[in-house]
2 protein chains.
Amino acid sequence: MMTVSQQEQLPRCFVFKKGHSEGRTHMKALLGGKGANLCEMARLGLNVPPGLTVTTAMCEEFQRCGGELPPGLWEDVLAALKEVEQAYGKPFASTEQVPLLLSVRSGAAISMPGMMDTVLNLGLNDAVTANLAKHTSPRFALDCYRRLLDMYADVVLGAEHSLFEAELRAVREAAGVKFDVELSEEDLQTVVDRYKAVYKQHGLVIPDDPHEQLRAGISAVFRSWNTPRAVKYREINKVTGLRGTAVNVQAMVYGNFSDMSGTGVCFTRNPATGEHQLFGEFLINAQGEDVVAGIRTPQPIKEMQKTFPKIYDELLANTTLLERHLCDMQDCEFTLQDGTLYMLQTRNGKRTGPAALRVATDMVGEGLVTKEQAVMMVEARHLDQLLHPQFKDAKAYAPAVIGAGLAASPGAAVGRVVFSAADAEAWKLRGERVVLVRHETSPEDVGGMHAAAGILTSTGGMTSHAAVVARGWGKPCVCGCDGLAIDYKAKTATLGGVVLKEGDAVSLNGTTGEVIQGEQELTEAGASVLLEQFMEWVDAARTLAVLTNCDTPEDALFARKAGAQGIGLVRTEHMFFGSAARIAAVRSMIGAMEVDPAAAGPSLAEIEAFQKDDFEGIFKAMDGLPVTIRLLDPPLHEFLPQEGDALKALIERLARELKTDAAMVQSRLASLHEANPMLGFRGCRLGIVHPEITSMQVRAIARAALAAQAAGVSAQPHIMIPLIGSIDELLNQIRVVRAAVADVTAAAGSSASIDYKLGTMIETPRACIVAEALAHEVDFFSFGTNDLTQMTLGFSRDDAEAHFLKFYQRHGVMAFDPFERVDVEGVGTLMRMAAERGLRGADGKLTLGVCGEHGGNPESIEFFNSVPGMTYVSCSPLRVPIARLGAAQAALKAAKAKA
Amino acid sequence: MMTVSQQEQLPRCFVFKKGHSEGRTHMKALLGGKGANLCEMARLGLNVPPGLTVTTAMCEEFQRCGGELPPGLWEDVLAALKEVEQAYGKPFASTEQVPLLLSVRSGAAISMPGMMDTVLNLGLNDAVTANLAKHTSPRFALDCYRRLLDMYADVVLGAEHSLFEAELRAVREAAGVKFDVELSEEDLQTVVDRYKAVYKQHGLVIPDDPHEQLRAGISAVFRSWNTPRAVKYREINKVTGLRGTAVNVQAMVYGNFSDMSGTGVCFTRNPATGEHQLFGEFLINAQGEDVVAGIRTPQPIKEMQKTFPKIYDELLANTTLLERHLCDMQDCEFTLQDGTLYMLQTRNGKRTGPAALRVATDMVGEGLVTKEQAVMMVEARHLDQLLHPQFKDAKAYAPAVIGAGLAASPGAAVGRVVFSAADAEAWKLRGERVVLVRHETSPEDVGGMHAAAGILTSTGGMTSHAAVVARGWGKPCVCGCDGLAIDYKAKTATLGGVVLKEGDAVSLNGTTGEVIQGEQELTEAGASVLLEQFMEWVDAARTLAVLTNCDTPEDALFARKAGAQGIGLVRTEHMFFGSAARIAAVRSMIGAMEVDPAAAGPSLAEIEAFQKDDFEGIFKAMDGLPVTIRLLDPPLHEFLPQEGDALKALIERLARELKTDAAMVQSRLASLHEANPMLGFRGCRLGIVHPEITSMQVRAIARAALAAQAAGVSAQPHIMIPLIGSIDELLNQIRVVRAAVADVTAAAGSSASIDYKLGTMIETPRACIVAEALAHEVDFFSFGTNDLTQMTLGFSRDDAEAHFLKFYQRHGVMAFDPFERVDVEGVGTLMRMAAERGLRGADGKLTLGVCGEHGGNPESIEFFNSVPGMTYVSCSPLRVPIARLGAAQAALKAAKAKA
């Protein structure tokens, strides 16, 4: 790293010309992205139109000087311009020779809308235009001039672009033509004259002196750094630490000069498939604008091989050199001017998931990049694309999009609309694919949710019940879809003015949040040899283990295939809704707990029996790997029916079972209601007030472990106590757990023993504070970052999204959704505190992991990787590969930062 | 402080005898409370029966030695016993001279149930008893012996006391007498014989050797330190840091020896009134037990002056000496044995509120204590008694108690039962005193709550709406009264089997939580000259300022009289329910915000107008003192009607006002519902999403300040932004606040200016973490410890109490209610972090205060006093004097600890 004073001694302008530049691609902070790459291309000997880059440091200086060019800068620009003129071979704005004309462009270190973009053809005035006409053609010269007049007024003088647009339209109409290129020389002269009249009418002035034009252009770029729109953009996107924008001043070249001219873009590999071949398109005798205007259709780049074979070879040589030099697939722009090829821009090319994988693995094969570099070349979203079914063509379905919500669980789903969980199950039985549409979902709906191909809700955020469950299953889900009005009685929903009746086909894009009318076409996802190889490199690079959050043997097997190294979170309560008999037993237990705890025995025994079977299956699926089981966490009222009739029937049944009257049962169940259930009677609080629940669950775990052992399986139960806030709570539950395990092993005979670990969730701020004492008593900490986020920020995940979090993100009050990406400053500080205190309390003998939703989010994983002692993240099965990649990239970044 | 090794070199037994002891009253940690005071009395030359104290260090050693007396200790005891024998003048358990007999008692540094209490008459066996009979009387000797046999078996050997009780009852019945004292010598011989038979039958053995009896007695006391009951007690009450119990071995003296014998207790001043005169009672020829048994009625101590004038004078001299020496009112026990006065025990006497005030102020007048010491002699509960009306006689009403809930707001209330806020107001208008009985209260009920003399709810905790509002007004309130069943339709409630109909008289004791049938008699509270003087000393001692939480000019005036130095919290929303017109305007505003923000203008203007008037009144009441106004905090749905008809009418009105249909309004209002409102759309989040609300409120504040200034009042508005979690939220609201103030002053003309401060609540854990950045932008931090407690612990204050917090307290999982007393370990750590970071961020120029409920809790104030930079606490008006006392005592304790 250079010190500030070293930086201050750097040149204020960097000249680039074929074969020479002091600038380099890694100097983006000083030269901006565009400038740095122009310098690099020039330095590599590519034929870049010569030019100069005024540094971002000068932009900072410019603001400090109150919007004036810093003293001496203009002289430096003039000196650099001399070099550019020499390289170009002709003087700037000559009235005799073919004149050098200039473009002026902004370019910060990261791409950023809201700043001034481009002024072309700087240097023209009446005299220079006349001279240009002599050397080219009057029509060409006038066309350049009218473009300058328009852009200069718009961009440098801040005039309304529409003033000029109106004049141009009038001339087109008078000439009876549709496109500008169809205008004759005379028409263009009229345009220039009318533009000049607009200047006069609105008091606009373009300097006659070409150098003054340039000076004003550079100032305008610097000024545009602080336009309200640019400032707002940086604020909302939390872009900080930049000094300003650079200014790129470059010789104009023209693709519309002759039939030996043209313009094009190309990728060094196919951005859709990754195939190693030049890919792109070009247009003969045209400027970039013409391509955009859609008058003529460009040709595939391959055609150049026939029409301009030598130019094609030169282009291929250039792009190959750039790719080898910059070690990634390149996206290049070029212009052919009268048979001379100019390279205008290069940058790493955007690509699809399959292409990213192919490019990365191919490049390792070609010896261009190391395996570690290849790991850095594939993004999480690429992997996501590879792992989920996608819609074949987003462009094709665009007209059918009727609304959008949160992209809560990625992938594409198509099916027929149903409005209740029961209907979803019934339709599924009839062989129909369905999309379940609800205001929100609750644990009662899981059967129908499982039956559905996709889930759509009108309320709820990224961590609402629907979102969490859907992600767990890898099922596409769109949540919090504003404007979705549902009428359960009529079995209809309205969205974007379209009425969806039960049975209507609908498609959900869980990756974008779009809701699409009708049945859209899908591509299926699949593993591949390439992917397997790539994931081997990923695993070699990472230091964090990746576990999974899942609740059934089937999911465990799937996750293990996806690379999970164990289970970081079994939510035992997810099994409670597994069948009618199960939920009935759970409800009997709750009734007994509230009315007559002595009567809870039979229901506890029933639950213990089915939990034991489930755990045994999971131990077998995860043979040899840790299985972390969280004791009961949600408030008991979540297991009760919400609706009138079901609740009434339950009350009557419980009254019979408990030999009491319905009014009594009703009042006790009603007393379970809470004002803020998230901060209520849940987690270890349940197990402390009702130790028999903890005992029952631990007995089920211990018996399952013994049964698995007997079947030759290595069962590794990790028992995890939720929502701990104090050492007394922890000690209380540890006593109950140890006693229950001892009870089971004693009953099993003297040789029986269970090798289990005991841990606590760290999910209240208080737990982070008292972590030292907690760590002394346990084998592991598992951060529940969902709850920790809720409590640290005071954001209810069920409420924040709709009521203010979206607003916050739109208005720059919060740059990200803290339930999606962990809040490093707030939550992260507490996590770091807990880790440091915990390691101290356990003399370093403590395993630390994350089992919150953030465990599958790459940006969050990068932070977790930096927390002292962190050993694993855990996420839903379908996120496992993404978490593996995130962990690998985090480790590589950390190693690079250290080095 | 002594080091551990110095302590280890201390004697293991401390002898005390008239005129001599190495022990002192401040050595309670080593000698226990009882032992330390016995040593002190002896040292002062009082006639204390000689004895020895085995130290608490030996108890610790005893446990370490696996329940054996530490090596060498017994030899030390024997040596000390020699000294005791010399002082007593007779040998232990002599079979020739009058024998010295011993008592053995436990005594830890703090009084603690669950440990072994007392064995009397140690040293007796058949031979010693026969000798004792010769020197006294056979009946007396046998009486002593049977008491030893019973106590020794019970306490040392752990036998069932009932075994002996049964024998004694049988002998009494055979003799046809009611009381033990009526038993004859022969009867007592039978008792002794039957007791010995019980010993034989149950394999119990009492050593014949008197020294072995002593040795066993000492071991038994040490063992009793670790009985499950004692351990549980220490666990629940979080008694830690004690080494164990001391053992007090002391010569027996007898008040039932002759008619020149007797026993008594006395206070150096009247514990009910504080009057300076010896107060107590005594019984001639009796043991302490006889007083308890209630056979004879003791005489007032004054009678001694007639019957034993010299003894009385000696007692008066002794107690006066003790009081002067120990600098507090003493509660003494004494025994007269054959004309010789023995002092058995002294301790600081318990007293009523009026007595505490009188004693403290008198003692300053008498030059016995300094003003600072006097401040330490009055407890918060004493002041509470002086400030609230109380029931005349708790004993008298005891039979009428029908239930109990949380003592949510202290004081006594009597009135007629009503079941709705509207009825409360109606009955009040008719001149009735009423008690409002509800499941819970909501902001809609405040009118009726204000009209009521007291409030009783069946649900909700110490910080429920009812509790907070009632405490704010100093109105007695009992909350969360389990078992209170209310039938709103029938207008009846049932509690403890009693049906309360509308109009029935009921009494509430908000200090104890009792609910009492009928109208119980009250005493009124009142200020006094004594109290004023005392509070002057209090104010001189404290360093924390005490502000108040209140919302109206009337409350402000009251609080100012009570000593408040300003307002720490105006909850502006409390004014919203002030009248039907106000709440209507608020509801119109909410409707507009949700349906058509452009239509909110008229309602915002209405609210601004009444808020301006309110603020102006408060500024006038608090002329010259700070008035801290919190911007709107509660979720908007709290201002909507809960019930069907009122809600329906509102929806129809809003639909008319907003020119839309009712369904639309209904759905928008319904969307305000939240799963966890405490973590939802409230606090600054409202002001960020709806900046017009913040603007409106700040405009009202600024206009009120200008109006007050114009009336010659010094208005000092402190504007406070609630629920901040990030610097971006804070900056957003600061911009809105500053703009609104500038707007008002600009409109008021060039000379207008408002001297206001700007601050933020610190009430989310995240705010504590980012406090450094926040502090840079504001003048003050005010800790909202209620919300901070909820989020740090993850406890919803509305839910925790009923569902698990009571259970936690009963079972030792949490020693205290964290909503009553601040959780120093958890919440306190975050507060300290926020204070340190805040002071750093503001270069020390930051005012720190507390405006949560804990601001009126003395134990919490002691912690707040220790937080760096803390300048004030704020509490409800009636708690102000208690907070002043708490702050003074905290400052004095801190100074003492430092010195």
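Every residue gets a Cβ built from N, Cα and C, even glycine.
Annotated active site, tele-phosphohistidine intermediate per TrEMBL: B:HIS465, in sequence order. Per TrEMBL, active site, proton donor is recorded for B:CYS851. Under the heading substrate binding site, TrEMBL lists B:ARG571, B:ARG630, B:GLU763, B:GLY784, B:THR785, B:ASN786, B:ASP787. Positions annotated as Mg(2+) binding site by TrEMBL: B:GLU763, B:ASP787. As annotated by TrEMBL, domain 'Pyruvate phosphate dikinase AMP/ATP-binding' applies to B:68-307. According to TrEMBL, the domain 'PEP-utilising enzyme mobile' annotation covers B:432-513. Taken from TrEMBL, the feature domain 'PEP-utilising enzyme C-terminal' applies to B:532-890.
For B:ARG571 (substrate binding site), other Cβ atoms within 10 Å of its Cβ number 20. DSSP gives B:ARG571 (substrate binding site) a strand state. Look at B:ASN786 (substrate binding site): DSSP puts it in a helix. For chain A, the nearby recorded positions by a Cβ gap under 8 A, listed in sequence order, are B:ASP787, drawn from B:ARG571, B:ARG630, B:ASN786, B:ASP787, B:CYS851. Sequence-distant neighbours of B:ASP787 (substrate binding site) (same chain, 6+ apart, CB under 8 A from its CB) are B:MET678, B:LEU723, B:MET761, B:GLU763, B:THR764, B:GLY852. When the binding-site residues B:THR785, B:ASN786 are scored by other C-beta atoms within 10 Å, B:THR785 scores highest. Calculated from their C-alpha atoms, the gap between B:ARG571 (substrate binding site) and the residue listed as 'active site, proton donor' amounts to 11 Å.
DSSP gives B:HIS465 (active site, tele-phosphohistidine intermediate) a helix state. Taking Cα separation as the measure, B:CYS851 (active site, proton donor) is nearest to B:GLY784 of the recorded positions B:HIS465, B:GLY784, B:ASN786. Within 10 Å of the C-beta atom of B:ARG630 (substrate binding site) sit 25 other C-beta atoms, taking all shown protein chains into account. A Cα-Cα distance of 12 Å separates B:ASN786 (substrate binding site) from B:HIS465 (active site, tele-phosphohistidine intermediate). Per-residue pLDDT, averaged along the domain 'PEP-utilising enzyme C-terminal' (B:532-890), amounts to 95 for this model.
Every protein chain shown contributes to the tally, and the Cβ of B:GLU763 (substrate binding site) ends up with 27 other Cβ atoms within 10 Å. Each of B:LEU569, B:ASP633, B:PRO722, B:MET761, B:SER782, B:PHE783, B:LEU788, B:CYS851, B:GLY852 belongs to the same chain as B:ARG571, B:ARG630, B:GLU763, B:GLY784, B:THR785, B:ASN786, B:ASP787, is absent from that list, and has a C-beta within 8 angstroms of the C-beta centroid marking the substrate site. Cα to Cα, B:THR785 (substrate binding site) and the residue listed as 'active site, tele-phosphohistidine intermediate' are separated by 16 Å. Residue counts for the domain 'PEP-utilising enzyme mobile' (B:432-513) under DSSP, helix first, then strand, then coil, are 18 helix, 28 strand, 36 coil.
Spacing of B:GLY784 (substrate binding site) relative to the residue listed as 'active site, tele-phosphohistidine intermediate' is 16 Å (Cα to Cα, whole number). Under the three-state DSSP scheme, B:CYS851 (active site, proton donor) falls in the coil class.
Applying an 8 A CB threshold to same-chain residues 6+ apart, the list for B:HIS465 (active site, tele-phosphohistidine intermediate) reads B:GLU440, B:THR441, B:SER442, B:PRO443.
Summarising the substrate site geometry, the residues cited as binding it (B:ARG571, B:ARG630, B:GLU763, B:GLY784, B:THR785, B:ASN786, B:ASP787) extend over a maximum Cα to Cα distance of 15 Å. Of all Cβ atoms in the protein chains displayed, 28 besides its own lie within 10 Å of the Cβ of B:CYS851 (active site, proton donor).
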